[in-house]
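Comments concern the structure below.
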């Protein structure tokens, strides 16, 4: 069999052929990252075990550059973790303050007073109350996203150590590890419950009060306590993740290219002859293929995405049924009210607020799961976008600087939109189900607004799942083995990388293929692939 003849001078590599005829690129890690736990590295097949009959070798060996450890991202996460601890302590302290009774007190600007039950009554317009709730939801999203990033990084490399990591992005609350307590199903279940507690309590921070001298609102001590406990619990889980994985997370970067390079350093092996095979063709044999003008969607890359989109629209249907059930209740025919009370003033205030919190939390299960699954779709889309930048004019990088993960998130319109939808959806849920201090009620107008919100979430998720990428560059969606197969050259983290045609790979008549070309990566802008040519 003829050896590789590359027209492109920048690509020089060694090929290692197995008995089955599959070629493996052999790369050696740089000394800066060569030291790692041997228990976590898959052993390479010894050279002596390879059958060298009819095999030609190129003896150049590419040295892998050092991967980005993402230390600035780690430090940012630690800062967010400390901030979350402080927020939780502040909430618990504020909750204790709201439960205290005292003498009548009024400031010059209105301030607060105490009602007959000893609760502090504040005076603020309804619009300002809702704006404060929205601001609290944004603060919760910042805390939980930071804590969730720690959990995601820990889960990613826990899966790698168990040999089960396929994609750069995973649904952290739905993926369980066997050996690490911080990512087991029980921990994930507790984390999901704490997340729902946080958002459920944010919609009940303020209760209306009519017992004061003028109309005001009461700070809900139960809701503030639950908010503090929810953030505190998630902070404890994230701290456990840091402690369990303090020496086991090789990189904190979420860039799929950097993750793929890290996997190469720790034992993953690239397979030659698959430069035109996408993640949708992982079960295909290595053989010459022509480029495709359009790449298949994420839904075809990961079969479970089909269930995700079905769940999103099933939740929309559930909200519709909920709204019809509440709106058609005979109670609304007797009164002009838009709310449906669940129970009234016979229940003591503390028990009422606690029941309201539990009811709201139970109703939020589907909303929390919908947003979490949509987050997975966003991350997959963002990973694919980073890879497809390799055919743009500026190229792509496997690291975007000291604050790469944060910069990538802020510059991604999908991530920004998801962040806004999280805060907005939970705020709308607070309008649909709430407590006024005297009863728990369902507002059919709020349910209608919530329906619009979850409809946008479902449409957004479906768009990400079904959208096809134009261009001949094979899709990966963060699939690590596919990325490793497609990237035949690696460069330092600050170097821009392009993907494209690298010239004639080999000239053979085996199988009637004729001239076969090669596509790969380079640190200079490459020409586009030839749509009528075969690549391997």
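Cβ coordinates are placed from backbone N, Cα and C, and glycine is handled just like the others.
All TrEMBL annotations are machine predictions without curation.
Note that this is a predicted model, so its numbers are computed, not measured.
Looking up the ranges 12-33, 34-55, 56-77, 78-99 in TrEMBL, the one annotated as transmembrane segment turns out to be 78-99. Within the set 267-288, 289-310, 311-332, the record from TrEMBL flags 311-332 under the feature transmembrane segment. As annotated in TrEMBL, transmembrane segment covers the listed stretch 188-207 rather than the other ranges in 148-167, 168-187, 188-207. Touching of the transmembrane segment (219-243) and the transmembrane segment (441-466) is ruled out by the presence of fewer than three CB pairs under 8 A, sequence neighbours closer than 6 excluded. Taking residue pairs at least 6 apart in sequence, the transmembrane segment (441-466) and the transmembrane segment (188-207) share fewer than three C-beta contacts under 8 angstroms. Long-range contacts of the transmembrane segment (441-466) within the same chain: residues 297-299, 305-306, 308-309, 312-313, 315-316, 319-320, 322-323, 326-327, 332, 338-342, 367, 370-371, 373-374, 377-378, 380-381, 414, 417-418, 421, 424-425, 428-435, each at least 6 residues beyond the stretch ends and with a Cβ under 8 Å from a Cβ of the stretch.
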